[in-house]
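Enquirer: The following block contains the structure, expressed as structure tokens.
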């Protein structure tokens, strides 16, 4: 139990940071970096960027949810969802 | 084109499948509420009603016109869902814990169960959703017309078709029927609708598969190299710098807020939720769904621009592309996808709104003017059901009327975002309600009202372009000609486009008023109490919270209300929990709260409160207590109480373990004793058998009588040995889990007769008399007759063997008492010493003063047999001189 405690804190922090990181990556000014004019004959970079980041966010959320799920299932007292 | 009959037939078949799925889902859920219908996958699929026909057809249209802007509508919800830990988790837990029925219910409950707030949100939702429903009806009728247009789909999509109201009408009627059958079948605790959810989940799959199949086909068959694909792309896609300004951020915010606040989203995400696991899975699976359904939007949009003639409505690319290339079945699949996305939205929206209308508008009015029918519980419940059914018809047909009225204008095209902007007005109150203790109902009402008015004035009414309430002159020059009141440039703010402008002003004024008005006055005690419950939802609840509200009410009055609203069966259940309290005249605070909570799950918190308030005579809410609860000290106290509780639990477990250990040791010692006893017992007959057989072997010349005598001893010793081994064997056979016996129904007195007959020679030898006092008549019990006879033989022979009286006497009397057969076997011996009474039934135990050296197995075996009959074997307490054994067996009632 004691060794899990820092782990749990870390997960909680990650779960809190994830949406803010996602918002920052998908909003100006960061998004402007990839919003340059497209060279003819290429897939616009911005399309690849947005869909790529989108997929990465989903993957991160998946890994996080799985780890949180494992912690919660191991500890029956937390099944009610208390922090 | 496709033949209209075929399309109608396919639609009807599809709807029939939906009906079956909903029906089966309802039945399965009633049998097993925790079945696959509660799985995270079904939950996630149901959330995807977020993707309406506006997604299915509109995303492509938006991509063809505005580039990547369509993605904002899905990126906002993605951010909200991957951030579930921060906001959604709290919201969903509150909704689950307090059985919230809608967003109006949650907000009104949080702000002191204020009925006005609930009603306001309901009206706002109704106004904002009606055009949205109209949009869905339009999407289905238009897509039907396109794929069945005689001159081909491309021509249909290029020209402007006169909308077909007959299709829309029958569709609306069908949707009403479905929603009423599966959405308002009964008034349910938690307001969960498993049948509807099952059908919605199927529709979610259909629309995803349809879109992916069409997209994949377009990508493989039409797209070609990137150069070919993007040759007609809009500037906003090729040079997107301009796209990521305030409109991008505003749209992300708008859609993120909408996925929380839309009544239908609230319904599927919060009301239908049954565990945190569901939300945890949805946190990534719902974004994944959004990602997949948007994956092919750009290829389809680009292919539409490349291959379809100029002037084709981009909103119909999904349909027109397969039709133009002669892929009729793909076109039909796309049509079904659009059909699914539109119908599921209308169904869930109308169910969610009907609950809101019934709980927050009709019920309060009906109670105010005493229009709720009195009398039997059936009346009240059917009153609620009828209002909900009528509300569904009202909502859907309001959408139809809106569609009919707005046929000449383009007002529907942009209604999606306009509707979103109106529906998210409860957001500030919702967020403040979950995190800010000072927020008051006054602040919430002021903010919500102002936000609603600004939305109407700056966005909704101008969307009619002068055809409704606001004239085009007012839209152009402002109310009364005051230029600072221009709807699209309020206070001279001209920098934004109308949507961002309206979103900014409505949200800003809404939040400012919420905060400002809340700070003016202290929240009422009830608001404060509800704030504590909601904001500290994850803190462990302590008993002291129940002590905050003190109320007095008569149990009979409460019971009457519960009977009327919940129905008799549920009311009985509710009052059974406090069985002791039922006898009391005055209800405990706990019971009153419980009743109120259960009512709230049906009619909403505000109505439940006003119902309960009618029978509550005296109510006080201790503000000091509340302040203490919210304080730091109380949180620490609750935590340490929790720790104490846990350590007590651990101590108790340790004590139990120690006791079990002690018992095991004792049994071990007894087992050793027993083993040495057994070996001794076995050894004695073995020794005599061995020595007598040796004598017989070595002395051949013994005379016949002595030989016979020795052989007799050998035989009787072998019998003794067999009996001993049989006893040990019986003991093992009776262990739990051993062979089942064949149970028959028989008269226990027969078994007794058999036992007495068997014991007769023994009694005669000991000079004892067996007296039968009473016989039970017509008693039947279930089990094995021989086994029971064995028990009786054991008991009777014990009484004979252990009887030290000069004239031994055994009295036996049987009888029945209610459902029990009782047999008493008493002797006139010296009785059983006090210290042995508990132990004679223990395995391996032998009495202190045993004269007859048994193995100590008879009584434990007997008791095991009797327990197997479901009965009990014990000693009577009566001091009658000797020992009295009592056998009680349950009677068999055929």
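Numbers here mean position along the shown chain, with the first residue as 1.
In case you wondered, yes, glycine gets a Cβ from its N, Cα and C as well.
As annotated by TrEMBL, coiled coil applies to B:626-677. Annotated domain 'Histidine kinase' per TrEMBL: B:677-893, in sequence order. As annotated by TrEMBL, transmembrane segment applies to B:6-24, B:68-88, B:116-134, B:165-184, B:196-222, B:248-266, B:286-309, B:342-362, B:383-405, B:411-436, B:443-464, B:499-520 (among others).
Can you walk me through where each of these features ends up in the structure?
Expert: Mean pLDDT, taken over the coiled coil (B:626-677), works out to 82 on the 0 to 100 scale.
Sequence-distant contacts of the transmembrane segment (B:68-88) (same chain, six or more residues past either end, CB-CB distance under 8 Å): 50, 55, 58-60, 62, 236-237, 240, 243, 247-248, 251-260, 269, 279-280, 282-284, 286-287, 290-291, 293-294, 297, 431, 434.
Remote same-chain residues near the transmembrane segment (B:116-134) are listed as 52, 103-105, 107-108, 263, 345-346, 349-350, 353, 356-357, 359-361, 364, 395-396, 398-400, 402-403, 406, 411-412, 415-416, 418-419, 422-423, 425-426, 429, 441, 444-445, 448-449, 452, 456, 460, 604, 606 (criterion: CB distance under 8 Å, separation of at least six residues from the stretch ends).
Residues 15, 18-19, 22-23, 26, 137-138, 140-141, 144-145, 193, 195-196, 199, 343, 346-347, 350-351, 354, 385, 388-389, 392-393, 396-397, 399-400, 403-404 of the same chain, all 6+ positions outside the transmembrane segment (B:165-184), place their C-beta atoms under 8 angstroms from a C-beta of that stretch.
Sequence-distant contacts of the transmembrane segment (B:286-309) (same chain, six or more residues past either end, CB-CB distance under 8 Å): 44-45, 47-48, 50-51, 55, 59-61, 63-64, 70-71, 74, 77-78, 81-82, 154, 157-158, 204, 207-208, 211-212, 214-216, 218-219, 222-223, 228-234, 237, 317-318, 320-321, 324-325.
Within the chain carrying the transmembrane segment (B:342-362), a Cβ under 8 angstroms from the stretch's Cβ atoms is held by residues 49, 52-53, 56, 101-105, 108, 115, 118-119, 121-123, 125-126, 129, 132-133, 136-137, 139-140, 171, 175-176, 178-179, 183-184, 191, 193, 196, 199-200, 203-204, 263-264, 266-268, 271, 384, 387-389, 391-392, 394-396, 399, 603-604, 606-607, all 6 or more beyond its ends.
With a threshold of 8 Å between CB atoms, the same-chain residues lying at least 6 positions outside the transmembrane segment (B:411-436) that come near it are 52, 54, 58, 87, 90-91, 94, 103-104, 106-107, 110-111, 117, 121, 124-125, 127-129, 131-132, 134-135, 138, 251, 254-255, 257-258, 260-263, 315, 403, 443-444, 447-448, 451-452, 455-456, 459-460, 463-465, 467, 499, 502-503, 506-507, 510-511, 514-515, 518, 531, 534-535.
The list of residues near the transmembrane segment (B:499-520) in space but at least 6 beyond its ends in sequence, with Cβ under 8 angstroms from a Cβ of it, reads 246-247, 250-251, 253-254, 417-418, 421, 424-425, 427-429, 432, 436, 438-440, 442-444, 446-448, 450-452, 454-455, 458-459, 488-490, 493.
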Enquirer: Under 8 Å between C-beta atoms and at least six residues away from its ends: which parts of the chain pack against the transmembrane segment (B:383-405)?
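Expert: Hits for the transmembrane segment (B:383-405): 126, 129-134, 136-138, 163, 165, 168-169, 172, 175-176, 179-180, 183-184, 186-187, 346, 349-351, 353-355, 357-358, 362-363, 366, 372-373, 412, 565, 602-603.
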